[in-house]
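J.: Pasting the feature list from TrEMBL:
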type	residues	note
BINDING	Glu74, Asp117, Leu119, Asp120, Asp247	Mg(2+) binding site
Amino acid sequence: RMASPALLMRVVASAYSAAEKAATIVRNVMAAGDLGIVEKTGANDLQTKADRLVQMSICASLARKFPKVTIIGEEELSTDEVTEELIEDGHCEEILKKTCPAQYTGIKEEELVIWVDPLDGTKEYTEGLLDHVTVLIGIAYGGKAIAGVINQPYYNYEAGAGAVLGRTIWGVLGIGAFGFQLTEAPAGKHIVVTTRSHSSALVNDCISALNPDSVIRVGGAGNKIIQLIEGKASAYVFASPGCKKWDTCAPEAILHAVGGKITDIHGNPFQYNKEVKHMNSAGVLAALRNYDYYASRIPDSVKQSLVP
């Protein structure tokens, strides 16, 4: 008889199904036409009915299966309103067939922290820029992002009738990342992807200093990492404190699983233990390849402005 799959693989397999359920919720809320938009701290910090329902769905589904895991979601919500139809108890069989890396086989539930961004790119969602939207479930152990799931509910949405809508990307350090075609950005081109709705003088000064061939402005941290792993951009640079741990945990695991690197603007790795502050206050710097090239060109003035 085969040994039962390691806890980590069961968590990732369940997170995969929870993310697919989340995508259905996101699409249904949009299709129903009432987004239920609430401003949290201002016009660029929004919450919709989809953010609320998805977070309840993911957190309750995973908590039911893995009761001792710490789950931290972006939205402050009570869990009493979770209805049975929000619960996903399936898992991805394909993931359970993969061998868990040896260093993760002994993990206990209470050692895992799951960071959930129910809808990354909420502003873009409300504006109809649907390909920017992702659902992020990051899994951390020992303060480090070790596995992640990114779902794009509207992947392919411009491909017309009959196209399969949505996709789920997943990865585990030591196994790799799946659900997309890994592609490197054009050699010798410096294409920087950065924020669309949180620009500032500092953000722009930092990008200018890199002297890029082009700059892509898109919403969502998940979406930006996808630009890197699919070769549409060579670096993700955000010289501002707006990003949070639930924005970077899942994308970091996937980027690292394929040999990329993400840090703050100073080059410090992100910490994901449950006591950590939620804000990535020293910005974000990431690349699939040639991370050092970009890191070496971040101006000292920018570094001094962003305190970890």
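Keep in mind that glycine also has a Cβ here, set from the backbone N, Cα and C atoms.
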J.: Among the binding-site residues listed here, Glu74, Asp117, Asp120, Asp247, whose Cβ has the fewest other Cβ atoms inside 10 Å?
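T.: Relative to the other binding-site residues in Glu74, Asp117, Asp120, Asp247, Glu74 has the fewest Cβ atoms within 10 Å.
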J.: Test of understanding: give the count of other CB atoms lying within 10 angstroms of the CB of Leu119 (Mg(2+) binding site).
T.: 30
J.: List, in sequence order, the residues of the same chain other than Glu74, Asp117, Leu119, Asp120, Asp247 whose Cβ lies within 8 Å of the centroid of the Cβ atoms of the recorded Mg(2+) site.
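T.: Nearby residues not in the site list: Asp51, Val116, Pro118, Gly121, Thr122, Thr134, Val135, Leu136, Gly220, Ala221, Gly222, Lys244, Trp246.
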